[in-house]
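Straight from Swiss-Prot, the features:
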{"type": "DOMAIN", "residues": "52-87", "note": "domain 'EF-hand 1'"}
{"type": "BINDING", "residues": "D65, N67, S69, E76", "note": "Ca(2+) binding site"}
{"type": "DOMAIN", "residues": "121-156", "note": "domain 'EF-hand 2'"}
Amino acid sequence: MSYSNAYAPSAPELPESFVQQQHDGESRYTYAYPSYQPTQQFSSYSGMFSPETHPEIVRSFESADRNRSGFLEESELRQALSLSGYDGISNRTIRLLLFIYKIPVDSLLRLGPKEYVELWNCLAQWRAIFNRYDRDRSGKMNSTQLRDAFYNLGCVLPTSVHQLIVSQFDDGTGKTVDLCFDSFLECGMIVKGLTEKFRENDPGYTGYATLSYDVFMLMVIPFIATYD
């Protein structure tokens, strides 16, 4: 039985530079972890993962699962991602990821091995998109770069919507708004997820859909009300 969460947006398509690495024989994980050299590992957790799972995924999961429950809760997921090179992920984004990738039949916000693998692989693809549009390698993405990234994700936003999104990350200092990877991941997951949910009700891609109030609320609320 599949337990894929209905709210998880599809992973973004990889940049051509990333795909070329695969064609050249490089591991897809080297894009996110260029310094990591896989070695044979023997772990009590290995049996929880499929044989082809990258050892780094198993290692980070095992190291973060402090209570040995076989699941990662909020603080444990933050540690696992930090061990995997994703430092600085905010509480909001951690909770968003937990909600999106958790087992739907589980009432708790936590990830098992299968869900963690799905998240881990998806994050590498989001990181690849971020790196592609962070052209000056500043670790930040400006408004124009964000617009281009959304376009690449298949989300052509009206200017008013784009400006509203950018304004959510304005710190009030009057400086130009730049988004770090964490902020890009948060807004990207929400925009892409909501776009895909809308398109389920707009199969002709007309840009219009007829929704009942209940359907609208069920579509939007899970993306915006779970994380503070």
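Glycine is no exception: its Cβ is also placed from the backbone N, Cα and C atoms.
The Cβ of E76 (Ca(2+) binding site) lies under 8 Å from the Cβ of A64, D65, R66, each of these being in the same chain and 6 or more residues away along the sequence. When each of the binding-site residues N67, S69 is scored by how many other Cβ atoms sit within 10 Å of its Cβ, N67 comes out lowest. DSSP assigns E76 (Ca(2+) binding site) to a helical segment in the three-state reduction. Cβ atoms within 8 Å of the centroid of the Cβ atoms of D65, N67, S69, E76 (the Ca(2+) site) belong to the same-chain residues A64, R66, R68, G70, F71, L72, E73, site residues excluded. Per DSSP, the secondary structure of the domain 'EF-hand 2' (121-156) breaks down as 23 helix, 1 strand, 12 coil.
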